[in-house]
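Peer 1: What Swiss-Prot shows for this protein is this:
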type     : residues                                  : note
BINDING  : Cys168                                    : Mo-molybdopterin binding site
BINDING  : His550, His573                            : heme binding site
BINDING  : 682-685, 699-704, Phe711, 716-718, Thr769 : FAD binding site
COMPBIAS : 63-76                                     : compositional bias 'Basic and acidic residues'
DOMAIN   : 515-590                                   : domain 'Cytochrome b5 heme-binding'
DOMAIN   : 630-742                                   : domain 'FAD-binding FR-type'
REGION   : 1-78                                      : region 'Disordered'
Amino acid sequence: MAASVEYNRQVSAHPWPTNAQPKAAFDLFSSSGGGRRRSGADSDSDDEDSVPPDWRSLYSPRLDVEPSVKDPRDEATSDAWVKRHPALVRLTGKHPFNSEPPLPRLMSHGFITPVPLHYVRNHGAVPKADWSTWTVEVTGLVKRPVKFTMEELVTGFQAVEFPVTLVCAGNRRKEQNMVRQSSGFNWGPGAISTTVWRGVRLRDVLRRCGVMGAGAASNVCFEGAEDLPGGGGCKYGTSLRRSVAMDPARDVILAYMQNGEPLAPDHGFPVRVIVPGFIGGRMVKWLKRIVVACNESESYYHYRDNRVLPSHVDAELANAEAWWYKPECMINELNINSVITTPGHDEVLPINALTTQKPYTMKGYAYSGGGRKVTRVEVTLDGGETWQVCDLEHPERPTKYGKYWCWCFWSVEVEVLELLGAKEMAVRAWDEALNTQPERLIWNLMGMMNNCWFRVKINVCRPHKGEIGLVFDHPTQPGNQSGGWMARQKHIETSETTQGTLKRSTSTPFMSTASAQFTMSEVRRHASKDSAWIVVHGHVYDCTAFLKDHPGGADSILINAGSDCTEEFDAIHSAKARGLLEMYRVGELIVTGNDYSPQSSNADLAAIVEAPAVVVPRLPASAVALANPREKVRCRLVDKKSMSHNVRLFRFALPSPDQKLGLPVGKHVYVCASTGGKLCMRAYTPTSSVEEVGHVELLIKIYFKDEDPKFPAGGLMSQYLDALPLGAPVDIKGPVGHIEYAGRGAFTVGGERRFARRLAMVAGGTGITPVYQVIQAVLRDQPDDTTEMHLVYANRTEDDMLLREEIDRWAAANPARLKVWYVVSKVGRPEDAWEYGVGRVDEQVLREHLPLGGDGETLALVCGPPAMLECTVRPGLEKMGYDLDKDCLVF
């Protein structure tokens, strides 16, 4: 909160020349024809008499939008201080913040977008910047390296101001993800905004510093201030060719104002790069360094982001053949694109005597890159057989070099009766270089630059009794919002594929003989829920019949089905479990020339885990890290916080900063590491939201050596993680578990559907984490998820409680949805007023604080020490009417 106050203080106190406040700064500069020139050598002489247009008439009336606020979803993140507009559609969960405005809202403001509604692309936390101490360093191949203060940038150079349309290279990516999942998240068609930017020319700054000639310096590199979790923990950086940076026709600026106000935190306060006609990924925010160099930027993000790879290239091939480093795959200038905005998604046009008497007006936007003017937009109602030319509106005037940096708007009138006979409408645009849009979508690994025809389906509906209407269906809706004809089409295709590939079990009784021998190739064929075989210490086991009874759920077996899992089995199972396994033994493994040796395989694995890691940046084949439950995912520790003397919050970076973990709510992961030459695996439930991008967080209690006489060695994995240095790798495997919360009270338990309007939750100690995950999911989906939750949380003392602060905050904010009762064995601090229970969780506690069962609408979720569950919780719930087989879900 203090950071937000400090930001407001900075932009109102002294971020500008001493005689100008932010809103008055426009007057200071424009009154002198664009700002007083400090050095005639810094700018072209033909700019002396140029007077920039007064853009205030465009953006001032449109700044009146409802205020941005601190979003509760940001409370537990490093962005808690940043105010954001509530209308923005979040695309990547809580953090980092990536969003776009709803398309109808965006278009309602016309040419200039209010800053609070401008789309946002952040890779990590928003830096807390101080105008008075912020500097931009210019170094490298320059004669006079300088660190400019913001005061020096504002007062030392001629200011320029003009509108620019910014577009993310991932605009319309969700359409690509409906065809095949790319490595990026779901941008809709709203990743575009136009605002008026004020700043200083980059070429003026470079010339002031004595930039060397093109023969010596070929590139200008930019680096931001934010420390990012992915890509080896580097800062965001990229570069431009020197010829672009120094070209007066390109209008590259270092911007410090947007729509007449200082930059907002999400948009780069106090200064950022603006490169008109380029993708947003080249416009570094929170600019700290400019390096003139011979070579391109060495930043991870310069090579591993903003590329269009050929459609046949997946992540594995991209890494193997170094496609990331091929210059022809780099995106700089925007391509030609257009979108239908009217009719809107789910808009209904009634067909009656009134509506058929006048034409319907279709509308939309179009843009192109490199300053190229959009010269024509066409609409078709018959799949491209015929086209109707639209009216174009270009609110901007070209620059003196003939460049167009902004979007334009198109409209066309169509007869309603024509719409009645059409199945879809589509739009395409042309620019002055005669570039146009392809008819069909061209998939690429990163889901970038999608610009196929924008198609809206037309369906007949009955909006009112006895009335016929047309309902319009856009391809997708942004983020995780449902809707769109592409989503429905994908669902139908998936269902048909699933029905066509279902097979009956191939696990047959005659295999149950210990004398049988199998090769590894034969074992690999049994890797499904219909037939799940594993190899442990050279023995082959058919675990198919045990899937439904496994305490950890079927997933724990299925992630290893068809493989030799000796090391993983030993890492997490007791001698008793090994004895139980024998009843499922069907034979022995024989090794052929084409099969590997389990012993050598285990030795090799240990050697690999112990060996120093070679960091090879790569992008995943999927937008989720846990795309294949059978494969371990290498993650790196990027942050570790001590929450108490024995509780740590670990943050691990996923392989790609644009990935989600891919863990369904209710399931957990295995963390794998080699300690003492042996594989150690432990199950943990992340506390980070399933929507988090680029990282996963685990809250873990450390069981130290010699603290508990029953376990003198302490916790092997927890102590290992506590000693793990930043940057060190661990492997994560999953998802694992038999319980999945699908939202709005729906659960899947071992493949069966369950539903509840009320949840009776009981947790003990670290067993709070899966329960916490469900609470988080329910509250995140408000107001759609109306599930009522009652939680009893037991610990030895108050200090042993995990996540209490957040649970209390949720309960206070949602008193009708979440009711919490704590129980401690003893009050650790008698001087503190303890208003909850003391003692053990028994039937009386459960009856007082949980709803009764047996009504078909209440489920119990339980996780904690086995003694607590078996001796008190389960018997108590049974007496309260819960069917322990159907109504009591144990994580």
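Just so you know, glycine gets a Cβ as well, placed from its N, Cα and C.
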Peer 1: Taking the Cα atoms as reference points, how far is Met717 (FAD binding site) from Cys168 (Mo-molybdopterin binding site) in Å?
Peer 2: 42
Peer 1: Please state whether DSSP places Met717 (FAD binding site) in a helix, a strand or coil.
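Peer 2: Going by the DSSP assignment, Met717 (FAD binding site) falls within a helical segment, counted as helix.
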Peer 1: Across all chains shown, how many C-beta atoms besides its own are within 10 angstroms of the C-beta of Leu699 (FAD binding site)?
Peer 2: 21
Peer 1: Out of Arg682, Tyr684, Lys701, Tyr703, the binding-site residues in the record, which is closest to the residue listed as 'Mo-molybdopterin binding site' when you go by Cα distance?
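Peer 2: With Cα distances computed to the residue listed as 'Mo-molybdopterin binding site', the winner among Arg682, Tyr684, Lys701, Tyr703 is Tyr684.
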Peer 1: If you draw a 10 Å sphere around the Cβ of Tyr703 (FAD binding site), how many other Cβ atoms fall inside it, taking every protein chain shown into account?
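Peer 2: Here the count is 18.
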Peer 1: With helix taken as DSSP H, G or I, strand as E or B and everything else coil, how many residues of the compositional bias 'Basic and acidic residues' (63-76) land in each class?
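Peer 2: Counts, helix then strand then coil: 4 helix, 2 strand, 8 coil.
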Peer 1: Write out the long-range same-chain contacts of Tyr684 (FAD binding site), meaning residues 6 or more apart in sequence whose Cβ is under 8 Å from its Cβ.
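Peer 2: His668, Val669, Tyr670, Val671, Leu698, Ile700, Thr769 - these are the non-local Cβ neighbours of Tyr684 (FAD binding site), listed in sequence order.
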Peer 1: Counting across all protein chains shown, how many other Cβ atoms sit within 10 Å of the Cβ of Lys701 (FAD binding site)?
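Peer 2: Within a 10 Å radius of the Cβ of Lys701 (FAD binding site) lie 16 other Cβ atoms.
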Peer 1: When DSSP states are folded down to helix, strand and coil, where does Thr769 (FAD binding site) land?
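Peer 2: Once the DSSP labels are grouped into three classes, Thr769 (FAD binding site) ends up as helix.
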Peer 1: On the DSSP side of things, how many residues of the domain 'FAD-binding FR-type' (630-742) fall into helix, strand and coil, could you say?
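Peer 2: The composition, in the requested order, is 7 helix, 57 strand, 49 coil.
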Peer 1: How many other Cβ atoms are found within 10 Å of the Cβ atom of Cys168 (Mo-molybdopterin binding site), counting all protein chains shown?
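Peer 2: Cys168 (Mo-molybdopterin binding site) is surrounded by 24 other Cβ atoms within 10 Å.
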Peer 1: Per 10 Å Cβ neighbour count, which of the binding-site residues Arg682, Thr769 ranks highest?
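Peer 2: When each Cβ's neighbours within 10 Å are tallied, Thr769 leads.
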Peer 1: Just how many other Cβ atoms lie inside 10 Å of the Cβ on Met717 (FAD binding site)?
Peer 2: 22
